[in-house]
């Protein structure tokens, strides 16, 4: 006899929570008669700004067979939570589940883009992907590399060697669920191999929480911008006046203002909350995105963080302990080098001026 279900749930807390969430979403979808087009991910909806569908498509199931297959496989794969001695465990499971959801969804969209733009296959413009299969196939792949002796139990009676499970399940799913997304499952396998082979690595609790925060932020803003859900406390108003700074934090009542004009403003959006806090400019250069996102977070708490523009400015403005080389700190060395370059540049300009005068 096996273990009672209650003890297995305690051994697989994260897996149990995800299965419960997916089942609850499926029940809600059935009750409200929601279809693929409302929650699924497609190329057309992605280019329209429905980025929130990367999350909803992963957690939603329309067919009960699809739900049972995915949840049955996921329950068997929950053994990852018990492999802490092999460098996995609950934290590893949660951290890389986030990675699998986001990267597999992005890879699906990238595949659609190549097939549509490069090979002119317009059919994939309207293909809608839905289901947790990307993540399930990703964990199958990771487990097949990390512990190839394991078995994958499906429906409680079908047992597959985990080493061949990703591709066996890919064929099996295509047979029993003809509408299943082959590219979606393949994307999960590719991301799974990237994680298992260490191409994607280094996830910690800090990065997982940070990643989750940005997912929630983008999820809410894309829901608002696409018009899929109306948040009464949030209003996005396009700004096209080039005289305005690209990012502003205006916190009412405390007199603190931060304005940044170093970034371009064309096509930026200001986001207004009910307390008159202007927090964001959307269309900025990629070099400034990380800085803008952190400025948003600090602005919510009426705080400011001044980011130096270059690495040299970071070192030159350093006030704490620094590394030394031959008795000279790195900052002093950079100051001397910088001064030498300025002197050489000045001499070059003077020589150029003399030659032009002649």
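Cβ coordinates come from backbone N, Cα and C, glycine included.
Remote same-chain partners of the transmembrane segment (12-29), defined as residues 6 or more beyond its termini with a Cβ less than 8 Å from a stretch Cβ, comprise 39, 59-62, 64, 67, 70-71, 74-75, 77-79, 81-82, 90, 93-94, 97, 132. Taken from TrEMBL, the feature transmembrane segment covers 12-29 (among others).
What TrEMBL lists as domain 'Peptidase S54 rhomboid' is 49-200.
Among the features that TrEMBL reports, transmembrane segment is placed at 50-73 (among others).
Taken from TrEMBL, the feature transmembrane segment covers 93-116 (among others).
Residues annotated as transmembrane segment in TrEMBL: 123-142 (among others). Non-local neighbours of the transmembrane segment (123-142) in the same chain are 18, 22, 36-37, 39-44, 57-62, 66, 70-71, 73-74, 77, 80, 96-97, 100-101, 104-105, 108, 111-112, 115-116, 152, 162, 165-166, 169-170, 173, 180-181, 183-189, 191-193, 195-196; each lies 6+ residues outside the stretch with a CB under 8 Å from one of its CB atoms.
Residues or ranges marked as transmembrane segment in TrEMBL: 154-175 (among others).
Sequence-distant contacts of the transmembrane segment (182-200) (same chain, six or more residues past either end, CB-CB distance under 8 Å): 96, 99-100, 103-105, 107-108, 111-112, 129, 131, 133-142, 144-146, 166-167, 169-170, 173-174. TrEMBL lists 182-200 (among others) with the feature transmembrane segment.
The transmembrane segment annotation in TrEMBL covers 206-223 (among others).
This prediction places the mean pLDDT of the domain 'Peptidase S54 rhomboid' (49-200) at 90.
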